[in-house]
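Everything on this sheet refers to the single structure shown next.
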């Protein structure tokens, strides 16, 4: 069955644009008239779901639109087009479901949709990455499912079997604390695997480096964030029963460990896409710390971080795909002085990385500062001190590696440089990357309605933390 | 069904589930693994049917038909096709630990399963809840198989053993998850197994056999 070329080219873009519009519309509706439900309560959009849906749409649009080629060939294959749409659909279902079980099914479905996308290039490396990704991803979320089953058993023995967080939040059944403790620990452990938190991160750099660039952008920008969203939901359900101590300990440990692992592996990284992948581990570590802190400030900042990281990381991944296409390699050593030779692909990459480094004016700077401030306010001073040190370490490591691309070393054959004019062309449309990075740059300053969206979304999680 | 018959049938199917899981750890032949998984699938379906009859739940009886079809017939058939083209080497040749150590680990993991299940056992003293450690033990054996075996199909078997264990815990503690979730989970598991089967045959074409130790190109 052949899908027409035009449909194949634009299916992902149209799907992502539709999700973005639906997300923004839901943001507006939810702010005016409260949560919206559909399908007899199976789907429910509150402020948090609407915000996450907007992020899925925005990052999806950045990745799919800028993934379009300027030249019409090669058009994506049938399978690629279908799987990208399924992937976007599964993530939308995940954030809209009002049922931990359905959320789980959607997260597992993203593994299924992306398995062949990771193995898309058909090389040995792609195959190895796809195998590790599917096995580790499925086993990880299987642990989460065991936790969800135990939570369901706890609600059943309390007299009202349910997996809906709206119901649990409204009725507060008397759940058995020791069972909920076990359930929460298993669920968070499982979803943390999918979110790429250390020490369960080993699939992430392989999968991200082998997938086609737009897919890497989608996986890093939203798949990890949807898994993080699942952690937030579980935390909000479990916190009223067992308090926050256990989950705070787990998340803070995983967060600091992720920061440490990412910093160590960034220092000597030789591959551009793996560099971006370990930067994702770092940012997920920051998010895990924000979840550990809890409370309105930390969670609002975490959501801003999700948006900023999603847009910046997908832009950087798409640009790394352009670099691979024009230079034929992603080995950092071979990309010296790329900024002078091919500024067309180097500039969007470097701007994206600057945003990821957490430099102002990009919103990641403000969200990281806000998370640290929230942590100090909540008495996690020592953890925050370690966080700041590790984030600075990761900053130095990442900056040192990408500096090679921008400046190279002084000994880099200057005669080779002079023979051609800088190449400003790009293999894909520049406009979406400009919009994405521009949004990241201004999001930190836009107060008013946007800040209210974030605080409303954070308030959904109630007194979690 | 009288209470005694119910308890006996429940314990019988739980015992069969655990026995199959232990035998999977013991045997090395992939063919035997697949047959044992099929038997385990039927035992799980039987367990669900017994629970359904006891609770007079038509939904659980339908779920037991679903479980029997998926875990008793379809998944073993998919696995059998994955090994069919590999007659010469349908064995796990290079597990990281030998059989004696694996069986010692099994007895240790069973004790651990009882320890982990304590919060669940506190829910009540029904026959179903008392059998929960069996499911936990199966899940832990699944991890053991996943982490000590290097044949691609062995990893699939470990994953399915883990999944069977979780399903057992779900049915024993909560009479299964809501039907929509059950259907979604079944579909997900089926698709994961199909994907891993396709990847297994690609690995075999690419490397000549399905030993995962050959895959060492990606590292830092």
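Just so you know, the numbers here start at 1 and follow the chain as drawn.
Glycine residues also receive a Cβ, built from the backbone N, Cα and C atoms like all the rest.
TrEMBL entries are annotated by machine, without manual review.
Checking TrEMBL for transmembrane segment across the ranges A:299-321, A:322-344, A:345-367 points to A:345-367. As annotated in TrEMBL, transmembrane segment covers the listed stretch A:103-121 rather than the other ranges in A:27-45, A:103-121, A:198-216.
Check TrEMBL against the ranges A:178-197, A:278-297 and you find transmembrane segment recorded for A:178-197. If one looks beyond the transmembrane segment (A:47-68) by at least 6 residues along the same chain, the residues whose Cβ comes under 8 Å of a Cβ in the stretch are 9-10, 12-13, 15-24, 26-27, 29-31, 35, 84, 88, 91-92, 95-96, 212-215, 217-218, 221-222, 225-226, 229, 232, 303, 306-307, 310-311, 314-315, 317-318, 321, 428-433, 435-436, 439, 453-454, 456-461.
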